[in-house]
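A.B. asks: Submitted below is the structure of interest, expressed as structure tokens.
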Amino acid sequence: MRPAAATAPKWLLLALSALLPLWPTAKSWELTIMHTNDVHSRLEQTSDDSTKCLNASLCVGGVARLFTKVQQIRKEEPNVLLLDAGDQYQGTIWFTVYKGLEVAHFMNLLGYDAMALGNHEFDNGVEGLIDPLLRNVKFPILSANIKARGPLAPQISGLYLPYKVLSVGGEVVGIVGYTSKETPFLSNPGTNLVFEDEVTALQPEVDKLKTLNVNKIIALGHSGFEMDKLIAQKVRGVDVVVGGHTNTFLYTGNPPSKEVPAGKYPFIVTSDDGRKVPVVQAYAFGKYLGYLKVEFDDKGNVVTSYGNPILLNSTIREDAAIKADINQWRIKLDNYSTQELGRTIVYLNGSAQECRFRECNMGNLICDAMINNNLRHPDEMFWNHVSMCIVNGGGIRSPIDERNNGTITWENLAAVLPFGGTFDLVQLKGSTLKKAFEHSVHRYGQSTGEFLQVGGIHVVYDISRKPWDRVVQLKVLCTKCRVPIYEPLEMDKVYKVVLPSYLVNGGDGFQMIKDELLKHDSGDQDISVVSEYISKMKVIYPAVEGRIKFSAASHYQGSFPLIILSFWAVILVLYQ
């Protein structure tokens, strides 16, 4: 007779079965993705609003602090990537002087694994991208939807790639890049680069990676949060999307600073084929380091993803060697930071959160300077030959803090107006101006750069109406008058307007200005116009004056349920 087989107690079997889901599988693999986007030349630490650092204990970001955190994570975790989603170029005196050499130098020191091209990488033309950056970096720069043609094709061949396969901890990870197809309207890429639709261009490159047996694929790019989500939904085979361009702040839990989250981090998109795809951005200006943990199964499917942007505040020390290197590069910039142009006794709000959504006093200052620069007194019938100014909110890049004794330097202005354009004089019909103001708000709320700041103009919008029918009132300051007053815009009348050369060329989608302008005279450099005005005024205090207004319907539409609730509350009170 055979002995009975030994059986485990039922309680032990139950306990083991409960632990099985927690037991690590040999096939799963975890990747840490550190990421930045829209740094915009913030190599030094800045104040909390990304202006010049005034109190070191309250300052954030900078490459020396970023280096410390990146090195710490690399030492603590086995499988790590450091990625950048574009727009390292443009934003402070650093780029004005060094023109991209500083970007290549410090990104190499940080050891980036890959970067996507942003629209601002083309601000100095293709040559301003090739020589300072593409030929000097030690990591791949990516974009799958930019195609070179003509004489540029052989010149730029191999300097940027559609994708790159990286080896990380014994696994292979594919990184595929993309860039906003609107770049020709936003920057200066020239005519020999074609910017294709992102989704259409990405799919065949992802398919190529799949044929190479790469089953973990990150889309890294610079087209904005809406496009990031669309790529996650539509491009088969993309596992993670790391984006930029819209300075989107995502966070799970209580945010550590003043940025308001646009959603949880990571933001999960369900793809058309049923996968859960994490999408991330890390705000802008080097204030945060994006930190995403992704677990893949043996087939390359995302099992879990979690993390949060890390606020790079003063609790993280600045690396001494990188800081010393920054100080050496800084010497060449000192002349720009010591010359005082004038003083402000109010905060000059040039933030994207303000100037791309409503009237901002920095926009008012710039427009007032532009009109002042064009003061001419042709005869006794006219107090001036031009009274109107428009400036795209996306061209205003930084605030100026009045708490540094109110001092305004050339360096401060270079952060506000970093593009080096001119303020030009044009003649336009009233009908063209009406089209321009409809364009200003046709996609209002997306933090896009076409929202217009004004001078000599009063405009009222109703955002509850459909796009291209949102301007409900448009008045302009008369010029042929002894006492200037605001008069309704006349569609067939020809008006003079001062505006950035960028808009003259159709930038930010203002094609109607380029196509319909009747006369154009080039003006003075933008930063010179504003600096001379500040020097003349000595002390400035621009206000928000009601130049741009939104009708009551715009506000009521979003609050309709609250209005109904309030109505019934009043009825109940009356009849109690």
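Counting starts with 1 at the first residue shown.
Backbone N, Cα and C atoms are what each Cβ position is placed from, and that goes for glycine too.
Marked as signal peptide by Swiss-Prot on the basis of experimental evidence: 1-28. The annotation Zn(2+) 2 binding site is assigned in Swiss-Prot to ASP38, ASP87, ASN119, HIS222, HIS245 on the grounds of similarity to another entry. Residues or ranges marked as Zn(2+) 1 binding site by Swiss-Prot: ASP38, HIS40, ASP87. Sequence annotations record features per position, and here Swiss-Prot assigns disulfide bond to CYS53-CYS59, CYS355-CYS360, CYS367-CYS389, CYS478-CYS481 based on similarity to another entry. Per Swiss-Prot, N-linked glycosylation site is recorded for ASN55, ASN313, ASN335, ASN349, ASN405, and the stated evidence type is sequence analysis. Feature annotation from Swiss-Prot assigns site 'Transition state stabilizer' to HIS120, ASP123; the stated evidence is similarity to another entry. Among the features that Swiss-Prot reports, IMP binding site is placed at ARG356, ASN392, ARG397, PHE419, TYR502, ASP508. As annotated by Swiss-Prot, AMP binding site applies to ARG356, ASN392, ARG397, PHE419, TYR502, ASP508, with the evidence given as similarity to another entry. Swiss-Prot lists SER551 with the feature GPI-anchor amidated serine.
Describe each of these features in terms of where it is and what it packs against.
C.D. replies: Counted within 10 Å of its Cβ, the other Cβ atoms near ASP87 (Zn(2+) 2 binding site) come to 26, all protein chains included.
The DSSP secondary structure for ASP38 (Zn(2+) 2 binding site) is coil. The number of other Cβ atoms within 10 Å of the Cβ belonging to ASP38 (Zn(2+) 2 binding site), over all protein chains shown, comes to 28.
Under the three-state DSSP scheme, CYS59 (disulfide bond) falls in the coil class.
ASN55 (N-linked glycosylation site) has a Cβ environment of 11 other Cβ atoms inside 10 Å.
Long-range Cβ neighbours of HIS120 (site 'Transition state stabilizer') (same chain, at least 6 residues apart, Cβ-Cβ under 8 Å): HIS40, GLY86, ASP87, TYR89, GLN90, LEU186, SER187.
DSSP classifies ASP123 (site 'Transition state stabilizer') as coil under the three-state reduction. Sequence-distant neighbours of ASP123 (site 'Transition state stabilizer') (same chain, 6+ residues apart, CB-CB distance under 8 A): TYR89, GLN90, SER187, ASN188, PHE419.
Remark: ASN313 (N-linked glycosylation site) has CYS59, VAL60, PRO256, SER257 as non-local neighbours, by Cβ distance under 8 Å and separation of at least 6 in sequence.
DSSP classifies ASN335 (N-linked glycosylation site) as helix under the three-state reduction.
Annotation note: ASN349 (N-linked glycosylation site) sits in a coil segment as assigned by DSSP. When other Cβ atoms within 10 Å of the Cβ of ASN349 (N-linked glycosylation site) are tallied across all protein chains shown, the result is 21.
Neighbour count (other Cβ atoms within 10 Å of the Cβ, all protein chains): 26 for CYS360 (disulfide bond).
Sequence-distant contacts of ARG397 (IMP binding site), defined by Cβ-Cβ distance under 8 angstroms and a gap of at least six in the same chain, are HIS40, GLN90, GLY91, GLY350, ALA415, VAL416, LEU417, PRO418. The secondary structure of ARG397 (IMP binding site), as reduced to three states from DSSP, is coil rather than helix or strand.
Counting only residues at least six positions away in the same chain, the Cβ atoms of ASN392, GLY395, PHE419, GLY421, ASP508 sit under 8 Å from the Cβ of TYR502 (IMP binding site). Classification of TYR502 (IMP binding site) by DSSP places it within a helix.
Within the same chain, the residues at least 6 positions away from CYS389 (disulfide bond) whose Cβ sits under 8 Å from its Cβ are ILE366, CYS367, ASP368, MET370, ILE371, VAL454, GLY455, GLY456, ILE457, VAL497, VAL498, LEU499, listed in sequence order.
For ASN405 (N-linked glycosylation site), the number of other Cβ atoms no farther than 10 Å from its own Cβ, over all displayed protein chains, is 9.
Here CYS478 (disulfide bond) comes close to SER387, PRO484, ILE485, TYR486, GLU487: these same-chain residues lie at least six apart in sequence, with C-beta atoms under 8 angstroms from its C-beta. Under the DSSP three-state reduction, CYS478 (disulfide bond) is assigned to coil, being neither helix nor strand.
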A.B. asks: Using the CB centroid of ASP38, ASP87, ASN119, HIS222, HIS245 as the Zn(2+) 2 site centre, which other residues of the same chain sit with their CB within 8 A?
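C.D. replies: Same chain, not in ASP38, ASP87, ASN119, HIS222, HIS245, Cβ within 8 Å: ASN37, ALA85, GLY86, GLY118, HIS120, SER180, GLY244.
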A.B. asks: What count of other C-beta atoms do you get within 10 angstroms of the C-beta of ASN392 (IMP binding site), across all chains shown?
C.D. replies: 25
A.B. asks: Since the record lists HIS40, HIS222, HIS245 as binding-site residues, which of them has the fewest other Cβ atoms within 10 Å of its Cβ?
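C.D. replies: Ranked by other Cβ atoms within 10 Å, the binding-site residues HIS40, HIS222, HIS245 bottom out at HIS40.
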A.B. asks: Are there residues of the same chain, six or more positions away from CYS53 (disulfide bond), whose CB falls under 8 angstroms from its CB, and which are they?
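C.D. replies: Same-chain residues close to CYS53 (disulfide bond) (Cβ under 8 Å, separated by 6 or more) are GLU44, GLN45, THR46, SER47, CYS59.
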A.B. asks: Out of ASN119, SER551, which of the recorded positions has the smallest number of neighbouring Cβ atoms within 10 Å?
C.D. replies: SER551
A.B. asks: Can you list, in sequence order, the residues of the same chain other than ARG356, ASN392, ARG397, PHE419, TYR502, ASP508 whose CB lies within 8 Å of the CB centroid of the IMP site?
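C.D. replies: Once ARG356, ASN392, ARG397, PHE419, TYR502, ASP508 are set aside, the remaining close residues are VAL391, GLY393, GLY394, GLY395, ILE396, GLY449, PRO500, GLY507.
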A.B. asks: So how far apart do the AMP binders ARG356, ASN392, ARG397, PHE419, TYR502, ASP508 get, largest Cα to Cα in Å?
C.D. replies: 17
A.B. asks: Between ASN349 (N-linked glycosylation site) and CYS481 (disulfide bond), find the distance joining the two CA atoms and give it rounded to the nearest Å.
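C.D. replies: Here the two Cα atoms lie 33 Å apart.
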